[in-house]
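**Q** Pulled these features from Swiss-Prot for this protein:
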| type | residues | note |
| --- | --- | --- |
| BINDING | GLU22, TYR54, ILE73, GLU74 | substrate binding site |
| ACT_SITE | LYS100 | active site, proton donor/acceptor |
Amino acid sequence: MNDIIFLNGMRFYGYHGVLAAENDIGQIFVVDITLKVDLSYAGQSDDVKDTVNYGEVYKDVKSIVEGPRSCLIEHLAERIAKHINSHYNRVMETKVRITKENPPIPGHYDGVGIEIVREND
């Protein structure tokens, strides 16, 4: 099955990070979510109950990123993936990519970040 739902470029303000500046000032986190889902049922029925409502996924991700602080974005990504996999039974696999576009570290780059993939048990 190669069907996916994706939510790319979601931008949220949060206070995640190891450095004091990240906790005090905060920063924008760019989150991309890719969900492996069998979309054939929704393709036939034209009914949202046969898919994953990405509006609801957006609200969930927003709540997590704008909620309690994580020191590591690895931990933040795990929280997101775990929530999605436990709340959406149609999801077979969740990929979470988190980018910090302007972390308080020296250098020139478009962003730094992580990506995890977690299967739904």
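Heads up, the Cβ atoms here are built off N, Cα and C, so glycines get one too.
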**Q** At a 10 A cut-off on CB-CB distances, which of the recorded positions GLU22, ILE73, GLU74, LYS100 has the highest count?
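**A** In terms of Cβ crowding, the pick is ILE73.
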**Q** If one measures from the C-alpha of the residue listed as 'active site, proton donor/acceptor' to the C-alpha of TYR54 (substrate binding site), what distance in angstrom results, rounded to a whole number?
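**A** That separation, Cα to Cα, works out to 23 Å.
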**Q** May I ask you to report the DSSP-based helix, strand or coil state of the residue listed as 'active site, proton donor/acceptor'?
**A** strand
**Q** What are the sequence-distant neighbours of TYR54 (substrate binding site), meaning same chain, six or more residues apart, C-beta distance under 8 angstroms?
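**A** Those within reach of TYR54 (substrate binding site), by Cβ under 8 Å and sequence separation of 6 or more, are ILE5, LEU7.
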